[in-house]
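Q: Found this in TrEMBL, in case it helps:
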COMPBIAS  450-459  compositional bias 'Polar residues'
DOMAIN    34-254  domain 'Cation efflux protein transmembrane'
REGION    370-391  region 'Disordered'
REGION    440-459  region 'Disordered'
TRANSMEM  31-50  transmembrane segment
TRANSMEM  62-83  transmembrane segment
TRANSMEM  95-116  transmembrane segment
TRANSMEM  136-154  transmembrane segment
TRANSMEM  200-218  transmembrane segment
TRANSMEM  224-243  transmembrane segment
Amino acid sequence: GTIHLFRKSQRSLVGKLTHEFRLVAADRRSWKILLFGAINLICIGFLLMWCSSTNSIALTAYTYLTIFDLFSLITCLISYWVMVKKPSPVYSFGFERFEVLAVFASTVLAQLGALFILKESAERFLEQPEIHTGRLLVGTFVALFFNLFTMLSVKNKPFAYVSEAASTSWLQEHVADLSRSICGIIPGLSSIFLPRMNPFVLIDVAGALALCITYMLIEINNYYAVDTASAIAIALMTFGTMYPMSVYSGKVLLQTTPPHVFGQLDKLLREVSTLDGVLEVRNEHFWTLGFGTLAGSVHVRIRRDANEQMVLAHVTNRLYTLVSTLTVQIFKDDWIRPTLTSVPIANNMLNLSDHHVIPMPALKAADSLNPVTSTPAKPSSPPPEFSFNTPGKNVNPVILLNTQTRPYGLGLNHGSAPYGSVLSQGFGIPGMGPTQGFRTGFTNVPGRYGTNTRGQPRP
């Protein structure tokens, strides 16, 4: 084959996006989402033109919900792409966090749009323009029909999970209270309104209802300020609905442990700690990898005689019921024993010559010692209360250099004695004659003199 001296240049960003889009387009379900996305773009174009012609900011706020539907369709495509992609060395846990990031970005953008509407509404209160109702009602029903049709036709797995797992919004709570009152009168409606309504369907219906009230009040009394009030209401409902979803997806991105699994995790860890051979379970960390996927790592200390593979299998079997991506580190108990190290004696320590002078550490200056006591004198400290006569501590030691050789004629056993005659051969001490002595078996070890009969140590 042909040998290429240089590597091919990496693909550009557009090339990478095209390659990933082909992977998604290979799935038949993605064509349905692409069709809804194209219809959504057309609908958004018409709604923006009608917002300009009617001069209604309430219709603009409701159009932002249609733009949010476009973001939800893109999130659904990303979810299909995550299902196709496999884990890589760079993304060892897979690509599930991309759909979490898509949900977080979509909800945050919806809240930014609501803040923009609030800012425009505050300016309109100062100078309220005239509202034309010619296409206001038509735009309301077109947006409502398309939003509901998109929500109910496309199965958006990420947003469906977030809407159920996140905390309820204030709009859901008020509607739930109203639904209990209605269901108390008509029990057959409990399957529709209770226990919890879809937040996206709820905000679409509530926004359309606000626009219908705006249309009627403007047609009857030419009350244009109600359009600004409806825009503020729609913006607050949008912000209140998207905020809990942003908080939930943000906590997933921060790798926090879901509160609803604390009890189950504690129960499983207690069961693991009671397994045969397990001494301690520590450094446990569990976090949400994606929507409905829990990852974790744990260190398990076992006995020295325990089977590592058996303990690993039991620990994994217990935790795998809740934690799908699990890393278990097994290590055996290590007893701390005091070690007795033997250091070999250096040759220069055994071959000390008779004329060798051992260097002594430098002494402190004489002026730093108190002439009365051996305590160092401090300029700021008071004189000592007592002074003891401690001879020898105030005198600097004198090292005399032995320049004369030892007299060999005095019967001193200089040098090493034969090993066999160590106990039978004595050495002479001046004034005492030959006595029984003991010598070591080391070579060239300097001899030491004993004490004479008077008990005076010899130099």
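Using N, Cα and C of the backbone, Cβ positions are placed for all residues, glycine too.
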Q: Below 8 angstroms Cβ to Cβ, which residues of this chain, lying six or more residues outside the transmembrane segment (224-243), approach it?
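A: Beyond its ends, the transmembrane segment (224-243) has Cβ neighbours at 56-58, 60-62, 64-65, 68, 107-108, 110-111, 113-115, 117-118, 120-121, 124-125, 128-131, 169-172, 199-200, 202-203, 206-207, 210-211, 213-214, 217-218.
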Q: Near the transmembrane segment (95-116), which residues from the same chain, at least 6 beyond its ends, have a CB less than 8 A from one of its CBs?
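A: Here the qualifying positions are 61, 64-65, 67-68, 71-72, 74-75, 78-79, 81-82, 85, 87, 158-159, 162, 235-236, 238-239, 242-243, 245-246, 249-250, 252-253, 289-291, 293.
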Q: Take the transmembrane segment (136-154) and find every residue of the same chain, 6 or more past its ends, with a Cβ under 8 Å from one of its Cβ atoms.
A: 32-33, 36, 39-40, 43, 46-47, 50-51, 54, 56, 59, 62-63, 65-66, 69, 72-73, 76, 198, 200-201, 204-205, 207-208, 211-212, 214-215, 218
